[in-house]
Protein chains: 2
Amino acid sequence: MTASAQTASAQTDFAHTKQLFHLPEGVIYLDGNSLGPLPLAAPIKMQTTMRDEWGEMLITGWNKAGWMAQPTRVGDRIARLIGAEDGHVVIGDTLSIKVYQALASALELNPDRKVILSDSGNFPTDLYMAEGLIKSLGQGHELRIVAPEEVEDAITEEVAVTLITEVDYRTGRLHDMKALTEKAHAVGALTIWDLAHSAGALPVDLAGVNADFAVGCTYKYLNGGPGAPAFIYVAPRHADKVEPALSGWLGHDAPFEFERSYRPGPGIERMRVGTPPVLALSALESALDIWDMTTMQAIREKSQALTALFIEEVETRCPMLTLASPRDAAKRGSQVSFRFPDGYAAMQALIARGVIGDFRAPDIMRFGFTPLYIDEGDVTRAAAILEEVMTTRAWDAPEYKARSRVT
Amino acid sequence: MTASAQTASAQTDFAHTKQLFHLPEGVIYLDGNSLGPLPLAAPIKMQTTMRDEWGEMLITGWNKAGWMAQPTRVGDRIARLIGAEDGHVVIGDTLSIKVYQALASALELNPDRKVILSDSGNFPTDLYMAEGLIKSLGQGHELRIVAPEEVEDAITEEVAVTLITEVDYRTGRLHDMKALTEKAHAVGALTIWDLAHSAGALPVDLAGVNADFAVGCTYKYLNGGPGAPAFIYVAPRHADKVEPALSGWLGHDAPFEFERSYRPGPGIERMRVGTPPVLALSALESALDIWDMTTMQAIREKSQALTALFIEEVETRCPMLTLASPRDAAKRGSQVSFRFPDGYAAMQALIARGVIGDFRAPDIMRFGFTPLYIDEGDVTRAAAILEEVMTTRAWDAPEYKARSRVT
């Protein structure tokens with residue numbers, strides 16, 4: 001037994017949560033960091049929502065089934081997973097839209113500064129949404145992008161707000177949220193944390209680190225389903241001050257008075273925009289039940305053991321792959337990435353053999369580790385199959401070379 | 001048999017489509033203009049999407065199940081219902097977000113003008129989103145709101161864009177889309193048509209009237225389910241020119257290249273923002289199958305007969321109610337509204353007796369007529385129950401007076 005396997009065996013056993021997911025026969029799913037698998041309860045809950053609520057209650061479901069309160073009710077359940085204060089997270093829209101809302105709010109709170117600081121490890125949509133907002137504002141804001149390791153030094157008194165994804169989507173590199181937030185506040189900057197690869201992956205303590213804004217998606221580690229809605233957090237000290245750029249009717253103080261002018265609702269309510277996506281929220285709400293059975297601390301311990309084991313196994317078996325993730329478990333999220341020039345084709349060959357990870361341009365083979373349903377046996381089996389793909393050059397077949405739009 | 005009932009009997013019989021919906025026992029549903037009822041096929045399709053696609057395909061569903069192409073594929077189906085050119089409608093987000101996108105684009109195309117013209121019959125979220133955009137732009141744009149009957153005269157050379165909902169959500173008053181679009185173009189203005197109460201309610205001919213932009217929702221007459229996503233249309237002559245304000249990664253020309261800067265995708269693709277809501281789109285796609293069984297012309301004929309019959313019945317039976325909708329069927333959408341000072345309580349009493357309409361402040365009792373599943377028998381029974389509520393003053397009971405958040 002290797003050292004990391006021994007460590008792993010001392011962790012919490014997640015056999016009880018693994019049983020709560022549908023995992024297809026013959027598949028080892030290491031892509032829950034992109035799309036979580038189906039919780040078995042979700043389609044049952046969806047039937048209830050569709051047949052008993054939508055079908056039977058019709059329009060009265062907005063009150064009777066609690067649909068109207070769903071975005072904040074479900075938001076509170078996510079708040080517990082990311083260390084947010086109760087009543088300060090709301091669900092809706094996509095992560096891109098939530099980035100836009102947070103960024104517009106932060107710039108308004110810090111009107112004398114023009115720099116939005118991000119890093120080259122941020123997910124592109126965050127950068128794209130910032131570009132769009134800067135163009136709309138037309139006030140000469142600058143999106144300044146530095147290397148991940150330069151972020152701390154780049155937080156200067158010029159910076160209005162930092163827009164940082166805590167866990168790098170390609171390498172899994174983990175930023176120090178506490179240190180960067182402190183640095184930002186010390187120089188009068190605000191912070192937006194994108195938790196896309198953090199929520200459900202590792203403990204986050206938004207209130208504890210004094211974060212200003214956070215956003216994230218729910219279809220990765222939170223298993224809400226393809227295209228599940230996003231969330232936004234606004235710190236209590238800002239929540240009643242921000243004037244929403246996307247001032248939709250459900251963020252109005254009295255949406256059903258149908259007033260002619262916008263008046264923001266109380267606190268986080270003003271970050272609501274349009275009609276909530278009830279069906280998607282239903283699947284998500286069901287998926288979140290599973291989190292009541294564990295703690296983020298237990299998840300993190302197991303996740304670190306699983307990623308350490310995978311690195312050890314793959315480095316032993318596949319010397320042609322180069323580790324792209326931090327070797328120190330404390331400095332990476334819940335994924336492991338390797339670089340390989342023919343990474344796209346190798347990942348296709350691997351998927352064809354039942355091990356599902358994904359590829360991120362230009363050369364990253366990415367594997368997500370999700371203790372809720374991935375265990376040590378999966379990790380060693382996946383590494384063995386990867387070894388077979390690499391040593392037999394299985395990836396060197398024409399059918400794996402053609403890039404499709406999504407991997 | 002009354003005159004209008006005779007007319008109605010000459011219309012298309014929709015018994016075959018009525019069978020495709022779940023309509024609760026003892027309920028006459030006259031609120032499909034707010035939330036359409038459950039198509040029986042929708043929960044079955046949802047099970048397939050959840051179990052066979054999400055469950056079995058996992059991340060590969062984006063390609064294998066065609067999720068990535070869903071927003072434009074479903075968009076094309078809506079395009080046929082609103083007279084749009086193929087390939088120029090895309091689904092996603094909420095109507096509020098789509099209004100923001102259309103308005104930002106229109107203002108960019110008409111940069112020398114500062115007036116956004118709307119009317120007091122527009123749905124408030126359209127006005128609120130315009131307020132938010134104006135504030136963000138900070139260029140001194142003005143949201144000019146006139147009475148519905150003053151719109152045509154108010155379209156002057158000052159106007160950059162008109163933002164008009166074709167069918168007034170309270171009264172059902174129908175704007176002349178062709179005349180107003182012509183007037184707008186004659187003075188160099190652009191047009192955004194909000195089709196919330198038009199799509200699936202009456203024939204719309206966006207290409208024929210030379211509309212510039214249109215937006216709409218899919219949970220009303222299109223029966224997509226609570227919180228179903230919205231759609232946006234951009235005329236082919238503008239589609240490759242607009243620079244999206246909400247520049248999200250799925251509107252990028254090459255989203256999976258993860259480039260650092262935004263480059264808009266071709267045509268309508270650039271109006272995509274974040275990850276598409278697959279589950280909600282699945283329910284919507286299923287609901288749209290029903291539209292292959294009829295035509296918008298047949299729907300319109302039947303709808304006019306049903307609304308005429310309801311007006312005749314209610315005016316005969318309930319003299320205390322005042323018609324708020326145009327009496328001329330050609331000038332109203334697919335709803336009928338009556339004013340009554342205690343309208344909120346009267347609607348609650350009516351709902352308690354199985355006739356579901358809704359209330360819109362300050363005094364509007366609103367009834368939607370949807371030929372797919374409402375017939376003449378429903379209309380006369382609903383009128384008789386309304387008569388009972390009104391003549392017995394059933395609404396004058398304390399339990400009906402307390403306003404809840406949503407009706």
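Quick reminder: no glycine exception, Cβ is built from N, Cα and C everywhere.
According to TrEMBL:
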type	residues	note
BINDING	A:Leu95, A:Ser96, A:Phe123, A:Pro124, A:Thr125, A:Asp126, A:Thr165, A:Asp194, A:His197, A:Tyr219, A:Trp249, A:Thr275	pyridoxal 5'-phosphate binding site
MOD_RES	A:Lys220	N6-(pyridoxal phosphate)lysine
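The least crowded of the binding-site residues A:Phe123, A:Trp249, judged by other CB atoms within 10 A of its own CB, is A:Phe123.
Using a CB-CB cutoff of under 8 Å against chain B, the recorded positions that qualify from A:Leu95, A:Thr125, A:Thr165, A:His197, A:Lys220, A:Trp249 are A:Leu95, A:Thr125, A:Trp249. Contacts of A:Thr125 (pyridoxal 5'-phosphate binding site) defined by a Cβ separation under 8 A and a same-chain sequence distance of 6+ are given as A:Leu95, A:Ser96, A:Val99, in order along the sequence. The 10 Å shell around the Cβ of A:Thr165 (pyridoxal 5'-phosphate binding site) contains 26 further Cβ atoms across the protein chains shown. Note: the Cα of A:Trp249 (pyridoxal 5'-phosphate binding site) and the Cα of the residue listed as 'N6-(pyridoxal phosphate)lysine' are spaced 29 Å from each other.
DSSP assigns A:Leu95 (pyridoxal 5'-phosphate binding site) to a helical segment in the three-state reduction.
Calculated from their C-alpha atoms, the gap between A:Phe123 (pyridoxal 5'-phosphate binding site) and the residue listed as 'N6-(pyridoxal phosphate)lysine' amounts to 14 Å.
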